[in-house]
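Engineer: Features from TrEMBL:
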ACT_SITE  H17  active site, proton acceptor
BINDING   R175, E282  substrate binding site
Amino acid sequence: MKVSFRVDASLEMGAGHVMRCLTLASSLREKGAVCHFICRDSPGNLCDLILSSGFELTILSRDVDGTNENPVESMSLHQSWLGCDWKTDAEQTLDVLETLQPDWLVVDHYALDVEWEALVKRFVKFLMVIDDLADRHHICDLLLDQNLGRRPIDYANMVPSCCTMMIGPKFALLRPEFSALREKSLLLRSNASVNKILITMGGVDHANASGEVLRVLQRYEFPHKCAVTVILGSQAPCLAKVRKFAKKSSFDVQVLVDVGDMARKMTDCDLVIGAAGGTSWERACLGVPSLVVILAENQQSSARALQEYGASRVVGSIKDIQSALPVLLDEISNHGVLADMSRSAAGIVDGRGAERVSQMMLEGF
């Protein structure tokens, strides 16, 4: 089976879309599939990571002259993320697909919708869309939305009646390392107190939410010594600032870049202060309590759902960190609160979503 992925990473959109597609591609490869990525050469791309992971890659140039004939009608909310108009992107993708002739095309891009899909679908047997927004129409055979609180009815009249929908964290695309460490991590939660804090605001963290959190922790009076680890990507614009702060900090701060063992780092911590993105499901799988910062509008619903489920507490947006974070740190200092959050989180995700999705694709769903 041959599978192509149309997905991008950039400083603006972050790394999450490519990372979850890499997870799915790895699961498919284990089942004998050949996977090929099609990505635009945007600043902050993860093309090197895709290649180093052993996958084939076609890079779409940023130097394109395509323009939208009907910009208002056909431009989606996230169109600027594409780096060109959707028709040009579709034509470039078609050039690749005609050569590859894949069985499946997986599309994970907020800028692409039914118009783009209609142009490319005739060149593949099956089309799968990975979405989080439920804000536009698709013409796909398989749809994945891994968000907590999402319901099939949210996609009513947005996908064909024959479309198979995989909805909810049961299908969250997590790397095998998370399910492998799940049992160990859950055992560590039985006697948890906040001695180790992990800050993960995404690989890019263009707003420097990490720095805002560090400033709060600098002033906060912990009842005992606390070690803090910040994880960022090498292309994060705030990396130098965070490193400078860490060196001058009055407490133990470690800054790690492009880590390859995120599951281990999460397992070893007592609390994560992080963005409400794809890492929410990683934290839940390991039963790690978290304080969640909403860095994008599309993270609102999943962040609130996680809080309602009892798995986390919502700090709010980046402007709320200074006022809300100290209050929440006081709240979770109670041992029982941490344990309850851990149990609730662990009940959301079991870490086998990639296996479920890849198997459905292999079996023709």
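Glycine is treated like the rest: Cβ placed from N, Cα and C.
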Engineer: Give the residue from the recorded positions H17, R175 that has the most other Cβ atoms within 10 Å of its Cβ, counting over every protein chain displayed.
Structural biologist: H17
Engineer: Would you mind reading off the Cα separation of H17 (active site, proton acceptor) from R175 (substrate binding site), to the nearest angstrom?
Structural biologist: 14
Engineer: Are there any residues at least 6 positions away along the chain from E282 (substrate binding site) with a Cβ closer than 8 Å to its Cβ? List them or say none.
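Structural biologist: E282 (substrate binding site) has long-range Cβ partners L174, F178, M262, A263, M266.
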